């Protein structure tokens, strides 16, 4: 029954309606018991005493006819003579519950207030309890002696039409309330069901079909965020497919080249050519090894929760070590590396920061013309650490500049790199809560600027 949200909301709402009706009935009964019962008793007692006064002044010939006439006026009456004989007038009582002690007291001229003294019952309204002890009683003097007269209004007869009206009203109230609860519950559940179907489509890989935002409440907000999530997942899926295609291409091309070189190696007996083929195969396998290393590093950066950033790094010394390591490559192109480094300490991951800065210097050496210069600077600026590396090189188009930090992107098709270096650098800098920017001047000087928070204070 409670397996669906629709049934749960509907049953909860109906239960609330019925429980509210029950509580309302109990509270009404309590209100009658403590506020209305005494005044109701007094009104009926007043009516009965007026009837006795009329009987004593008018002296009707047949007292029974007089009580019968009162019974026809929607009163229930019970008379008891000295011998204990009981006579009923009007509609019959549901049950005779009057005690003999109460009867004797009335015969001895004591008034009886059974309505006022009726004990409280939680689920029984005293006003409607049609029993003989729920009456008022007084002594009547007749020519045949004293009689005890007990009377209460005939609620059933007096309010018969009202009871019918009330019953119809309550039935309609419950029917309409329950119908509206079911309808309103359906209006709430319908967009949730559509959201469920959209989620199932999402699981099946459909990232293109949006759901219509039909409301402005919390469900509408949920629909809006679902569409945003769908778009994000679609982008992630496209990136995944693009990544797989790029990796496949980066691996397939060198493997095809190796296969071709091995075929040539088998068919030639020329020692010079054989050595050249072996050297080419070695170069390609080295590139594949580098690609594998960088892919593993990218995976590590994407799942960085286990990484620690608490190494105390002397950044200026780190840069000097990188320059010394890459000096041979710079000397091969007769490049001059100028470094202006302030003494700066930084708290981070030394291995990753070394990789990021090395990538930038390797790129600068690679794309600087022979005999050119590379300028490196490290300095404080307010609460930040600023690292810049500039070099002379060929200009980069605005289209290429916009995609410079994308994974597997290459500025030139003839570039023998795998296009991951700058993407790795950007990820590392962002994990250190920093930023990296690329600019170029009219003189074809390209500059990478890294800004890191000065966290060594």
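Cβ atoms are placed via backbone N, Cα and C, with glycine included.
Annotation comment: Swiss-Prot describes 186-238 as domain 'HAMP', evidence class sequence analysis.
What Swiss-Prot lists as domain 'Histidine kinase' is 246-456, and the listing cites sequence analysis.
Residues or ranges marked as phosphohistidine by Swiss-Prot on the basis of sequence analysis: 249.
Taken from Swiss-Prot, the feature transmembrane segment applies to 9-29 (among others), supported by sequence analysis.
Long-range contacts of the transmembrane segment (164-184) within the same chain, counting only residues at least 6 positions beyond its ends with a Cβ under 8 Å from a Cβ of the stretch, are 10, 13-14, 17, 21. The transmembrane segment annotation in Swiss-Prot covers 164-184 (among others).
Per-residue pLDDT, averaged along the domain 'HAMP' (186-238), amounts to 80 for this model. Each residue in the domain 'HAMP' (186-238) gets a DSSP state, and the totals come to 39 helix, 0 strand, 14 coil.
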